[in-house]
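A quick write-up on the structure given underneath.
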Amino acid sequence: MDSLYVEEVAASLVREFLSRKGLNKTFVTMDQERPRCELSINSRNDLRKVLHLEFLYKENKAKEKPLRTNLELITRYFLDNVGNTDNSESQEVPIPAIPVPKKNNKLPLRHSETTLVNIYDLSDEDTGRRTSWSEAGKARHDSLDGDILGNFVSSKKPSHKSKAAHVDLGDSLPLVPAWEKVDQLHSSEPGIDVKKTMERTRPKSGLIVRGMMAGPVASSPQDSFRKRSLRRSSALSRKLQTPEEIQQQSEPFVHTPAYLGPQEVPDSSSDSVSRSPLGQLNELSIEKPNVTSSSQGLSQRDRPRLRSVSEDSPLGYSHTEGNSRMAQDQLERAFKRQGVQPPSLRKNQLVSDRTDDKPDALQLEDVEDELIKEDIVLFPPPSMLKLQTVSKPIDLSLAKEIKTLLFGSTFCCFSEEWKLQNFSFNDIASLKYGIVQNKGGPCGVLAAVQGCVLQKLLFEGDNRTNSNLRLQPSDAQRTRCLALAIADILWRAGGKEQAVVALASGTPHFSPTGKYKADGVLETLTLYSLTSSEDLVTFIQQSVHQFEAGPYGCILLTLSAILSRSLELVRQDFDVPTSHLIGAHGYCTQELVNLLLTGRAVSNVFNDVVELDSGDGNITLLRGIEARSDIGFLSLFEHYNVCQVGCFLKTPRFPIWVVCSESHFSILFSLQPELLCDWRSERLFDLYYYDGLANQQEEIRLTVDTTKTAPADSCSDLVPPLELCIRTKWKGASVNWNGSDPIL
């Protein structure tokens, strides 16, 4: 267990609060700006167990008006057990600082050396002014987002009446195990990931909570608050620089918007200055020598090294050269000089040199030393700053064209089945890989995406060597595979040159007029264009929550695939230009399924192009599949000689097939990749079947034996259609359902 785990638990705590309070937009924004990983906790019960809150939970349930979230339980616990201070003038509620281990330092600390910052100043309650408090269990200030306990710093007026309160945590029995675990992690604490470091460069104010921040500001409110705390704790006699002076001396480094998720990153400009952690480095190195001798938590060997890095590295700013522009090649040389590779996304490196074994009081000096080292080493490399998208809101004319292509009319709308359908996964342990379908309609889209998710899960990445873990992914693994699958589908539809991602903004961009019926979805779309597959993957990972949890996840993917291919090319793919992608009763057409599987919305499933002579000299071209597909396709219509599925779909690159049976699409797959390249493996093999709509409660495993002949059909109505589909590829094969009830 390391600090990354602590961060994910804290983030899960905030997500649970947002979910229970119905703050859906904030919830979506948080998942976009801070995507989940394997360590994220998605169950309230699991979160309660990890934090050892069972006692508080039972006590809360017995109350007349119980609290609804774990975050409120923790908050009330501290408010009830800490007590009030004697300072009636400030009327503040102190929050204890969680001890941070230090090296062999058992001397009692003076009052001025402890860092106990009040979480909320009641005297400022009417104007909503807030202050931040040192993050529990970590010797660093790395959460300008306020994503730990939701504390945001006001830039209007700080509290100068903070009073330290020494609290005995021995009475906190129910929470002691969780907090002790946090304290003991510091010796092996990895650095903040790249995303966290990028977030540190974003200024925050009260407007960010409502998503109203339009651009960067010159300095961060938390920086000025930290400087005032330094003045009080170390009794510095010299005058510190004002924020205006710091602004003049700081160099504009990178201009990033307050909302990084699915938005474009504008280029850096000299007239919009962003306060980066590198800008803080110089002022911290100036204040450091004047701190009292109580900074014993960091060895004498470490402090000169940190100062030399800030003085010699091009990352540090000089007061005489404060107006010179920092170039990206200087940043790369800085990483090279330190012997550190620029960190990749979600990769952490150890930055703490301390090997502590006993907790002591948190000191501001330790925080500053840790902050300097992290700011230098873990600043995002230039490649992470190059993710740019071209975005534009949808307009009325484009919305009309899309509706005509989808439904054949601008007066048709998406049905409720489509609007409610997202790419959420099954909670049954043996079916965690499966996407759940709520109602009929978009089953073709779900089956195609399911096949691509299985491709990523079974045959790409780390799980391909461990068959026991393939079909039991963690929540983070399956979400990651979903993001990669969506990126593959869109990149393939865009001809592997570009992709367009359609995301719902929640606000209509135009007023419907004329022959157009609004449906509440198309009118809110913002379209993001990307021309790099790497940027596309990163972008989808940041916004995958809209596809997985909604709203309109299935619709967004369908529209993104259409726009990536372009409306004109989709029409050219059709055999009949007046065809459309969604048929009667909201069912997916073969063209839509082919678009998701192969990147082309062709109307047929045979190979290549067939010329049809009408007899009067006119030749009609029927377009089929042009190349071998990653995901295959089997159809019951072939059993009835209505169509012929070509080998490009029957023998795909991966042993995964979308099955069309009885006007419904489902998925069939094998765990053996050699099934498609070694005829000996085709003698006897297993196929797994999944239907997101069939209320499937257990794994369905079919054993196919091609050495035996299927029994004669005494009554063809009793033969499961799935068996008939299987026999369109493996002629006459015997199918054993292994105890599962055959699906008729």
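Positions of Cβ are set from backbone N, Cα and C atoms, glycine also.
As written in Swiss-Prot, here are the features:
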{"type": "ACT_SITE", "residues": "C443", "note": "active site, nucleophile"}
{"type": "ACT_SITE", "residues": "H664", "note": "active site, proton acceptor"}
{"type": "COMPBIAS", "residues": "265-277", "note": "compositional bias 'Low complexity'"}
{"type": "COMPBIAS", "residues": "290-299", "note": "compositional bias 'Polar residues'"}
{"type": "COMPBIAS", "residues": "300-310", "note": "compositional bias 'Basic and acidic residues'"}
{"type": "MOD_RES", "residues": "S143", "note": "phosphoserine"}
{"type": "MOD_RES", "residues": "S220", "note": "phosphoserine"}
{"type": "MOD_RES", "residues": "S224", "note": "phosphoserine"}
{"type": "MOD_RES", "residues": "S295", "note": "phosphoserine"}
{"type": "REGION", "residues": "211-358", "note": "region 'Disordered'"}
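Across the active-site residues listed here (C443, H664), the residue whose Cβ sits among the most other Cβ atoms within 10 Å is C443. C443 (active site, nucleophile) carries a helical DSSP state (H, G or I).
C443 (active site, nucleophile) sits 7 Å from H664 (active site, proton acceptor), taking the Cα positions as reference.
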